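Scroll down for the structure; my scribbles are underneath it.
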Ligand SMILES: Nc1ncnc2c1ncn2[C@@H]1O[C@H](COP(=O)(O)OP(=O)(O)OP(=O)(O)O)[C@@H](O)[C@H]1O
């Protein structure tokens, strides 16, 4: 019922009020045009600056500037594989050598298409090599992957010294593009290539690929559970990174016109990696800054009469500082800017809370108009009698000698909320892992909408419409709320749909960065994102953990409305029996891996066996 203290508003007025309360900062920025126009505008300014520099810089500085640009492109690539996807790759200049080698070969062959086509082919070749090098990344992580990539760099270095670059023995100089043959104009050409690479990376980072890189860096399980292939996320990151390395190498080949192996050594790859980590190369401006450091530090040392190789020591010290402080330059600078943005986000969140109160009243009104009790006060109703969405028969899981699940059978009715409860260690999370494909070695059968799930990976099950959330935080903090929702939804969703589901769950606005919200709110956003995916079944593993009591109550009220509003079923795992009682129409109780009771909520909670299992917690029943 509408609360007595609530202002007297009709439903439409409340809806308008809720919409009006929705913060929509710079809506044009979220439009397709706005999302494209701004980066293109910045790119145009970059091109203009590059052109002015190309006519203003003196000869030697032009050479240094091209070196900075080639390094910036290679670092951009490292920003993808290391900064975004979280994998250690210590062979970026080996990919550059592949690009330079292909350009040299095509130059010697006088292949059609000219330098621009050779450069692109060099990038493609390096990208393919990147996929091969990335294959071990599917199994290896951390230091093991570092060893593999460094080993590859060392092997390639030895090979390159032996075979040399095509044409280098005969002194066949690489032919630059006709319009950019002078050093000055070649610098402007390199700026054009850098701009194209930066724009590509920018739009890729915003795309599904970019989100998958950030997701896989945070949690592989979380990534697979939303239907994203972990393998393709890792391999695309390696391929894009290596392709950028290849383009950087091809560009360098055009700069020096006779490339040598000494420009692509493993130690230089290592130094470049450190620069990428230190600067925060997943941010495009910081990758460009890293490219500048790459030439400025040795140049300064030279001017001060110090051997340039000490530059590696300087990079090493900067890298150690970045790794021990746990942050990087780009992050540090942005943190200052984000402080203000976070304040605005906090204000928006309190507005969201007010909106959610309005929505509650709105839902109550709708319920009253339909002749039923208001949802905030109504007891759980029986599900609609249709075919069950999930059927589990005789499910069994053993860990060594422990039978975590034994002969578990249950059905989840369509468009319902079923509670799965039981004491600690009863087997609830094991059940979710088995159903969602993370424990494939189970016995028994599981069908979703009549489709047997045996042998299907978590990713396939998610794509079939079975989604789950986790007890632990699996929401990648480097995404914005909107990017995360779009990634998890795995379908084309409008901004209005995103705002609606965020409103419904009382989540922060779409532009909020996930790193700036607390874990409890992140889990709420995880629920909202999975609801937006419109699965047939969503399994929520203790979604209220980290929320306050009031937020528990709010969440319960919203979850009750989900099946009718979004046409899906929910399995709710929860220790808070108040929440379970409010939300679930049916219940299944697990104890020591077996089903103790299953059926209508009231009957199950009154079952003496259930009460006995909850001894010590009986007052809660
Ligand atoms: N990977 C594992 N290896 C060995 N034993 C495990 C493993 N995972 C779970 N178990 C055991 O299986 C049993 C069921 O655990 P599970 O986590 O499914 O219980 P739960 O009902 O989810 O508990 P909680 O409410 O505390 O989350 C427990 O005895 C647990 O110790």
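In case you wondered, yes, glycine gets a Cβ from its N, Cα and C as well.
Feature annotations, reproduced from TrEMBL:
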TRANSMEM  36-54  transmembrane segment
TRANSMEM  88-109  transmembrane segment
TRANSMEM  115-138  transmembrane segment
TRANSMEM  145-165  transmembrane segment
TRANSMEM  185-204  transmembrane segment
TRANSMEM  235-258  transmembrane segment
TRANSMEM  270-297  transmembrane segment
DOMAIN    390-617  domain 'ABC transporter'
Long-range CB partners for the transmembrane segment (115-138) (under 8 A, at least six residues beyond its ends), listed in sequence order, are 87, 89, 91, 95-96, 98-103, 106-107, 145, 148-149, 152, 174-177, 193, 230-231, 234-235, 237-247, 249-251, 253-254
Per the Cβ filter (under 8 Å) with a sequence gap of at least 6 from its ends, the transmembrane segment (36-54) is approached by 29, 62, 65, 184-185, 187-188, 191-192, 194-195, 198-199, 202-203
Lying 6 or more residues past either end of the transmembrane segment (185-204) yet within Cβ distance under 8 Å of it, the residues of that chain are 39-40, 43, 46-47, 50-51, 53-54, 57, 62, 65-66, 69-70, 72-73, 76, 79-80, 119, 176-177, 179, 210, 240, 244, 247, 251, 254-255, 284, 287-288
Contact count check, CB pairs under 8 angstroms to the transmembrane segment (145-165), set 88-109, 235-258, 270-297; argmax is 88-109
On average, residues of the domain 'ABC transporter' (390-617) score a pLDDT of 91
